[in-house]
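Step one of this worksheet: look at the structure below.
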Amino acid sequence: MIDPVSPDHRPPVSPQLALRVAALGVVACVLFAVIFFRLWYLQVLSGDQYLAQAQTNKVRVEPLPAPRGAIVDRDGEPIVENRLAIVVKLKPESLPVSEKKAAALYGDAVIARSKRAKGRQGPPIVIPATPPDLQGRFARLSRTLQVKTRDIQSFVIRGLFLAGYAPVTIKTDVSEDVRTYIAERQDEFPGVSVETTFLRQYPDRTLAAQLLGTASQISPDELKTKEFEGVPAGSIVGQSGIERTYDQYLRGRDGKERLLVDAQGNPRGEGVTVPPKPGSDLQLTLSLKLQRAGQTAYGNVAGPNPGAFVALDPRNGDVLAMGSFPTFDPNVLVGNISQKKYDAIFNQGTTPQFNRVIGAHYATGSTFKPITAIAALESGKITTTEKIDDTGCIKIGIQQRCNAKHEVFGPVDMQNAIRVSSDIYFYTLGERTNAGPDAPHGGPIQAVARRFGFEHTTGIDLPGEAKGLVPDPAWRTRVGQEETACRRKKHIPDNASGPAAAAGGCGISDRRPWSIGDNVSLSIGQGDLQATPLQVAVAYAGIAEGGRVPTPRLGAAVLDDKGLPLQKLPPSGARRVKLDPSYRDTIMAGLHDAASAPGGTSTAVFAGWNQSRFPIYGKTGTAQVAAQPNDQSWYVAYSYDGPDHKRPIVVAVTVENGGFGAAKAAPIACRILKAWFGKGANVGATCVPGSNASL
Amino acid sequence: MSTVPSVTEPRRSRTSRVGGSAAAPPRRPLSLVLPFDPVLALATLGICACSLVTLHTVSARGLPDGYYMKRQAIYFAVGLLFAAVLTRIDYSRLRELKYGFYGFIILSVVAVKFAGNDALGARRAIQLPFFSFQASELGKILLVVALAGFLVDRARALHAPSTTVRLLALAGVPAGLVMIQPDLGSSMVYGAIVLALLFIAGIPGRYFAAMGACFAILITGVVVVAPMAGVTVLHSYQTNRLTAFLHPNDNNSDIAYQQTQSRVAIGSGEKTGRGDRATQTSYNFLPEHHTDFIFSVVGERWGFMGAALVLSLYSLLIWRGLRALTVAKNLYGALIAGGITAMLLFQVFINVGMTVGIMPITGIPLPLMSYGGSSVITTFLAIGLLQSVYAQGRASTAGKGRVLGF
C-alpha cells in the first residue's frame with residue numbers, strides 16, 4: 001500500500017480530510033450567510049432610511065478644470081503645453097483661526113516692508129512657526145508627501161495671505177498611490193484634497209521664458225478689476241507676459257459637476273454638469289528655430305553676461321525671436337517651490353525673470369548714430385557729402401573727447417563716418433544740433449529720436465514695457481527741481497551744485513543745467529540716453545523701411561482645437577514718419593559698408609558672408625556704463641534675402657559688460673542671421689569676433 | 001496530463017468499490033476530461049464581467065471615460081493568459097522552487113521598501129512602465145505555494161509542535177515586513193493563509209487553541225497593557241480606524257466617514273438598485289469606489305440583486321476551490337487548493353464586510369472586482385493553480401468513475 005502522506009501518492013479523500021474540508025465549507029457558508037444577512041438588513045429592511053440619507057447628502061459641486069490654451073510658434077511647434085497632474089491641496093476652512101491670524105500678521109508685515117524704500121527694507125519677513133495644534137497634521141502630510149514641515153507652513157501662510165479663500169497647493173505631481181493613500185485616510189488628513197488638474201509645461205525649458213510669463217490662481221484684488229470681470233474665484237489667470245496679454249483667449253472656463261437636491265431631499269433631476277471649456281491655443285510670431293539659435297549663440301558668445309537679443313520682421317513688426325539673459329526654466333515655477341529654492345534661482349541679484357528686451361534701460365552707444373545723422377541732415381547742419389576732418393580728438397565746451405582706441409580717420413563724409421563709426425564726426429553733429437535755451441524739448445536729435453520711437457513704448461503686446469529717456473533741457477530742469485525738493489524734505493544743506501554735492505544729495509540729479517556736452521554725448525548714444533533693445537530694433541526697422549516704424553507684436557493668431565486659425569490677430573500697424581529717401585540711402589550705404597567694406601566696424605565678423613545675396617546693414621555700439629568694468633556691447637543689423645528683399649529681418653543684440661560691439665554682440669547677431677537664412681541660403685561666415693573690433 | 005500513469009494502477013480497486021454501477025460501459029477517458037473546471041472558469045469570467053460593467057460606470061475626474069474599465073480589461077487579458085498557462089502545467093513541479101518563491105517574496109517586499117514609489121509614507125509598490133507592481137499582492141500566491149511545499153516536507157511530523165512553529169515563523173517574516181510597509185490588510189491575508197494550510201494539513205486542534213490564546217494575549221497587550229505602560233504601539237488614529245466600525249453613529253463626521261458613506265450607498269440601493277440615479281458613488285461622496293469600495297458601487301447601482309449575484313459568483317468560486325481540494329492528486333495540491341480558497345474567502349469576506357460596515361477598513365481589495373493590476377494578476381494566478389490542481393486530480397482518476405463528495 002502506498003504511504004498515506006507521501007506527496008505523490010495519497011489516497012483521494014481521507015475521512016479526516018473530508019471532515020476538515022467540510023469544516024472549511026461550513027465556515028465559508030457562515031461567512032457568506034453573515035454578509036447576505038447584513039446586505040438584507042441594509043438594503044431590504046433599512047433601505048428606505050439609507051435612500052433618504054443618500055438623497056439628503058449635501059449638494060456637491062465639483063469643479064472640472066479646463067486646460068489653458070497651448071502656445072505655439074509661427075510653425076505650430078509647441079512652446080507651452082499642458083499636462084495632467086495630481087495636486088494635493090489643503091482647504092483653508094480646515095485650518096484653525098490662529099493660523100489665519102498668523103497669516104494676516106505675516107501679510108501685513110510683508111506689505112509694510114514692500115512699502116519701504118529699496119535698500120532700507122530690512123530683513124525678509126520670517127514665516128511664523130507652526131502652531132502646536134497643526135504640527136501633527138503637517139508632520140503626517142510631510143511624511144506622506146516628502147515635503148518639509150517648514151515648507152508646508154510657508155506654503156500655507158503665503159497661500160492664505162495671497163488668496164485666503166482658495167485651497168493652498170502643498171505639492172504637485174504626486175503619484176496615484178499617494179492619491180489613494182490620502183483618499184482612504186480622510187480622517188488622518190482633514191481638509192486635504194487631492195485633485196487632478198492641468199499644469200503648464202515648457203518643453204524647451206529656458207526658451208523665451210520671460211516673454212511667456214506665468215499663470216496662477218487669481219488673487220482677490222484681481223477679482224475686483226474690470227479686466228477679470230466675471231472670472232470665477234479660483235481660476236487660473238495669466239499674471240505676466242504673453243499669458244497676461246492674451247489671457248482672455250488662453251483662459252478656459254472650468255466646468256462644474258453638481259447634484260441638485262430640493263428642500264425635501266429629493267434629487268431634482270440628474271447631476272447638472274457644465275462641461276469645461278478649454279482655452280484657445282495661441283500662435284506667436286516667434287520662430288522657435290530662430291529662438292533656439294539665438295539663445296545658443298548668446299550663451300556661447302556672451303557666457304553668463306546679462307543681456308538681450310531681439311529679431312523683428314521690419315515690415316510688420318512680427319517678433320521672430322526675443323531672448324533675455326540670464327534666463328530660467330519656468331517649469332520650476334509650476335506648482336510649488338520652496339522659498340529657499342526660489343531664492344537660489346531668482347534672488348541672486350541677476351533678475352532672470354526680468355525681460356531685458358522690453359524692460360531694461362540701456363545707453364545705446366553708437367547704434368544711435370543714424371538718428372543723429374538724420375537729425376543733422378534734416379536740420380541742414382550737414383549734407384550727405386560734407387566731410388568733417390576726424391583728427392582723433394575734439395574739444396567741445398570744457399571737455400576733450402577722443403575716438404575709442406585713439407584712432408584717427410581723417411576727413412570723412414557721412415557714409416564713411418558710419419562705416420568707421422567716427423565719434424568726432426558725430427560729436428560735431430551733436431555740437432551743431434544743440435538746442436538753444438528757448439527749446440526745452442531739445443533740438444533735432446531729440447525730435448528725430450522720439451519720432452523713431454525712443455522715449456515711447458513700442459506698443460508690443462507684452463505688459464511691463466519701459467519707456468526710456470531722450471534727455472533734453474526740460475528733463476534736466478525737472479530732475480534738478482526734484483533733487484532740490486528732495487533735499488529740502490530731508491533737510492540736506494542746499495549748497496552748490498556739481499558732482500561733489502550730488503554725492504551728499506538725494507542722488508536724483510547733480511542739478512546742473514542742460515549744456516552742450518549733454519547733446520554731444522547724446523549724439524553717440526551716451527550720456528543720459530536710455531532705451532530698450534526693442535526700441536533700438538524698432539527704430540532700425542523704421543529706417544530700413546524708409547520711415548515706416550512698425551509696432552512689434554508677438555501674438556499672431558488664436559487657433560481652434562484643430563490648430564487652424566480661428567481668428568488672426570491683425571498686425572498692430574505701423575507709424576509712417578518723415579524720412580527723406582536720399583538720407584535713408586546714405587545711412588543704409590554707411591551701415592552696409594560698416595559690415596562689409598574694408599575698415600567697417602563689423603566687417604571682420606562677417607568675413608566670408610555672402611553679401612551679394614544677403615547684404616548686411618549693421619552697426620556696432622559700445623556704451624560706457626559707470627557700474628560695469630567693461631563697456632556694453634551692442635549690435636543692430638538689417639538684412640534680407642536676394643534682390644526681392646525676401647525674409648527681411650532686424651536683429652538687435654546687447655551684452656552687458658561685453659566690451660566692444662564687434663567683440664560680443666556682432667558675432668551673436670551674425671549667428672542669428674545665419675540661422676535665419678539657413679544653410680540652404682549658402683551663408684558662409686564664421687561669425688567670430690573681429691580683430692578690428694572698434695566702436 | 002501525462003504525468004501520472006503510475007498512480008492509476010493501485011487505485012483501480014478502490015475506485016471500483018466506491019464508484020458507480022459496475023454495469024456502466026467503460027468511459028473513454030479523453031472525451032470525459034475537460035482540461036479544466038468549467039464551473040470555476042465560468043464563475044471567474046462572471047466576476048470579471050461584473051467588474052468591467054461596474055468599472056464602466058466609474059469615471060474619474062480628469063481621466064478619459066472608461067479609463068479604469070479599459071485598463072482592467074487589459075489586466076484581465078494578461079491574467080487570463082497566465083491562468084491558462086498555469087492550468088496546463090503540473091503544479092507539483094512548483095514544490096521544487098519553494099525556496100526560490102519564498103526568497104522572492106522577502107526580496108520583493110524589501111525591494112519595495114527601498115526602491116518603491118517614494119513620496120509616500122507607505123511604500124507598497126514599485127512603479128513599472130505600465131502599472132505599479134505591488135509585491136505584497138504577488139506575495140500572497142507565492143506564499144501559498146512555498147508554505148504548502150514546506151508543509152509537505154514535514155508531512156510526517158504534523159503532530160510535532162516544531163512543524164507548526166516553523167510554519168508560523170516562515171509566514172511571520174513576510175507578514176511582518178508587509179505590515180511595516182504598512183499594509184495591514186496583506187499581512188492579515190498572509191495570516192489567514194498559514195492558518196488554513198495548517199488546518200488542511202491537519203495539525204492537532206490543541207495547537208489552534210494555543211495559537212488563539214497567544215493571539216488574545218498579544219491583542220490585550222497591545223490594546224490594554226501597552227498604553228497603560230506608556231508604550232505607543234498603535235497610534236490613536238489607527239486604533240480609531242480599526243474600531244470605528246463598532247460604533248458607526250458616534251463619529252460619522254470624520255473617522256467613519258468612508259464607512260458611513262459606503263453603508264448609505266449600499267443601503268440606498270434597496271432591492272433593485274438606483275441605476276443611473278445613483279449618487280453616492282457617482283458623485284464621489286465615497287472616495288476610492290473603483291478600488292477597495294467597488295462593492296458599494298454594485299450595491300448602490302444594482303441593489304440587493306446585484307450584490308447577491310456577485311456574492312453568488314464568489315460562493316461558486318469558493319465551492320469549486322474546495323472541490324479542487326478534494327480531487328487533488330496529492331497533499332501538495334490539496335494544500336495549494338485549500339490555501340488559495342482560504343485566501344479568496346478571507347479577502348472577499350473582509351472586503352465586503354468592510355463595505356457593509358461589519359469589518360474595519362484594512363485596504364484589502366475585492367479579488368477580480370477591484371481595479372488594480374497586481375491584485376487581478378495574483379488572483380488569476382491563484383485561479384490557474386486551482387485549475388491545475390483540479391485538472392491533475394481529474395486526470396489521475398479519469399475514466400474510473402470516481403464519485404466525489406460534492
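Heads up, the Cβ atoms here are built off N, Cα and C, so glycines get one too.
Not measured: the values here are computed from a predicted model.
The feature region 'Disordered' is assigned by TrEMBL to B:1-25.
Residues 1, 68-69, 72-73, 76, 83, 87-88, 290, 294, 297-298, 301, 309-310, 313-314, 316-317, 320-321, 323-324, 367-371, 380, 383, 386-387, 390-391, 394-395, 398-399 of the same chain lie 6+ residues outside the transmembrane segment (B:32-55) yet bring a C-beta within less than 8 angstroms of a C-beta in it. Annotation comment: TrEMBL describes B:32-55 (among others) as transmembrane segment.
Here the transmembrane segment (B:67-87) has Cβ contacts under 8 Å with residues 35-36, 44, 48, 51-52, 55-56, 58-60, 131, 290, 371-373, 376-377, 379-381, 383-385, 387-388, 391 of the same chain, all six or more residues outside its ends. The transmembrane segment annotation in TrEMBL covers B:67-87 (among others).
Under the heading transmembrane segment, TrEMBL lists B:99-116 (among others).
The transmembrane segment annotation in TrEMBL covers B:128-152 (among others).
The transmembrane segment annotation in TrEMBL covers B:188-208 (among others). Same-chain residues lying 6+ beyond the ends of the transmembrane segment (B:188-208) with a Cβ under 8 Å from its Cβ atoms: 139-140, 143-144, 147-148, 151, 155, 158-159, 161, 163-164, 167-168, 170-171, 174-175, 178, 325, 331, 334-335, 338-339, 341-343, 346-347, 350, 362, 364.
The annotation transmembrane segment is assigned in TrEMBL to B:215-237 (among others).
The feature transmembrane segment is assigned by TrEMBL to B:302-319 (among others). For the transmembrane segment (B:302-319), the list of distant contacts is 39-40, 42-44, 46-47, 50, 266, 269-275, 295, 341, 344-345, 348, 352, 369, 406: same-chain residues at least six beyond its ends, Cβ to Cβ under 8 Å.
As annotated by TrEMBL, transmembrane segment applies to B:331-350 (among others). Taking Cβ pairs closer than 8 Å, the transmembrane segment (B:331-350) reaches residues 91-92, 95, 140-141, 144-145, 147-149, 151-152, 155, 185, 188-189, 192-193, 195-197, 199-201, 314, 317-318, 321-322, 324-325, 359, 362, 364-367, 379, 382, 385-386, 389-390, 392-393 in its own chain, all 6 or more past its ends.
Taken from TrEMBL, the feature transmembrane segment covers B:370-390 (among others).
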